[in-house]
């Protein structure tokens, strides 16, 4: 007989009633598969449960023996150790906090009667605390703003005028050092006689060098299209460049060596020459800014040549001093001679010798010593390079300056040959040549589209707006149009020049363009071409109604007057096709322009109202149908061409496949035969083995 132990609630004598339900709930949750730890609210129950376990272990064992079936542990027994472990962990932390919690409870009990009085004062205290917090936040924000204001740094835009002006300031001391340091080192009198001035200029240039390094740390640069203004980034960017190392070397205080060697050694300041890149940068920016770049390039080249000749003259004088003045015919003459003892004569003679040598003219005394020969050979090589540079650069500059004239002259020559070949009258030839002369003298030979085609669309539109928009707004029908349409039309305006006596349009001509007078005078003349009715001047326009092709116009699409140029006239032309192309994107503007055109025709009595209100014109429908037919024909031809290409490609592919088959067939046959042969050979061997 198996004994079945039935545990009742009375078996757990030492377990308080408060703990039982909570523990049972947690155990049932764990049986159902819920993996959750006990919350902080269950810490007390866990500790009480642990105490009951320690006091009555028999009850714990009897509780565990409560199974669903005999001989097998229940799910409660499986999960209970984990639950008890969790209870122990929580209990250990709770035991440490028990004395503190007891003290807090005592304080709370004591402070309960006081809290009733303080609850009344709580709103006032809360308000005061909130006000104090707001004040602190405002003070912190004010401090942050002040700190941000302090951190804000004035950044120089490298493309602005301030940076360009500073480049000019730093170029002056650089050029001073490059010209005077070598001269003072070679000509002792120049250094000793004007020592005070040189020292003042030297240290002033050093101050400018230091300021230039500071300016470099405040010069912005573009990062993702935006100018960087953070001080730390600017400094790090400058330090990471190779120029920073050169700048540091150029401001090393080598003047301290004056204490050891004396004031007659200005060559100790040669490290100041390392700042030459700033001079090159200034010249480069000036070349892009000036309106006369070719002249600036020539003058810049001449300056470089003069500096090279100056340095060569100083080196020649120093070599003569090292060998001895007057020791041979090649060196500088004896300085004891009054004619050659002056400082001005020393420099001029050396400069003259250097110029003759570097320009390969010669006519100088021949060298005597080996060192003199080496120096003259080096000078001749440098002179050849300088001469080639001069000829090449000046030749290219002159060709660039005359490129426009040469191209224009080529056009005139081609037209002259054509008129001579076609036997054009002499009067017509004179008119054509005068027209070309007018274009050249008034600098109207530039093709605007050719010049502006390299610019982005937005920049090109802005230039066209600045040049033509005011002129286009003078036209009545375009006065109230939206800005987008005006920009489209401005880009389509074409400049035209007419010579005296040229007809812009004649009565009865089909109107395909409208004209706006930019400069010059036009006359509305009779059929005889002499009688003038009206003179049109700058800002006038005509032909705007004809390009709208308004239905019901009695004049149709033809010109109603003869307009002739009195002198040379500059006009802007807007074609009908360009206008209609622009109006396709602006249908509302098209309707508004047609209404304005109808009002103008009604005022002049040139509008047939019945036809205008008759609805759509069948001619327009016919035009649309013809356009559709032409587009369909175009598509058919394209489809036929594509189909023919497809068929030809198929034929070529088939031919290639047949060639490949012919090539591979013998190879495949040989391989199959080899396989069959190997199979027959292996058969008898297998049988013998068996």
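Just so you know, glycine gets a Cβ as well, placed from its N, Cα and C.
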Quick one: does Swiss-Prot have residue 193 and residue 334 on the same side of the membrane?
yes
Could you check which of 126-156, 343-373, 405-435 is flagged in Swiss-Prot as transmembrane segment?
343-373
Looking at 177, 327, which residue has the N-linked glycosylation site feature per Swiss-Prot?
327
Annotated stretches the transmembrane segment (292-315) and the transmembrane segment (242-251) touching (3 or more Cβ pairs under 8 Å)
no
Please report, as numbers and ranges, the same-chain residues at least 6 past the borders of the transmembrane segment (242-251) whose CB is under 8 Å from any CB of it.
206, 209-210, 212-213, 216, 271-275, 277
Which sequence positions outside the transmembrane segment (343-373), separated from its termini by at least 6 residues, show Cβ-Cβ distances below 8 Å to it?
183, 187, 189-190, 193, 308-310, 312-314, 316-317, 319, 323, 328-333, 335, 379-380, 382-384, 386-387
Distance between residue 387 (site 'Central gate') and residue 559 (3',5'-cyclic GMP binding site) at the Cα atoms, whole Å?
65
In the predicted model, what is the mean pLDDT computed over the coiled coil (621-664)?
87
For the transmembrane segment (265-283), could you work out the same-chain residues 6 or more beyond its ends whose Cβ comes under 8 Å from its Cβ atoms?
164, 167-168, 170-171, 173-175, 177-178, 181-182, 184-185, 191, 198, 202, 205-206, 209, 212, 243, 246-247, 249-250, 252, 254-255, 257-258, 300
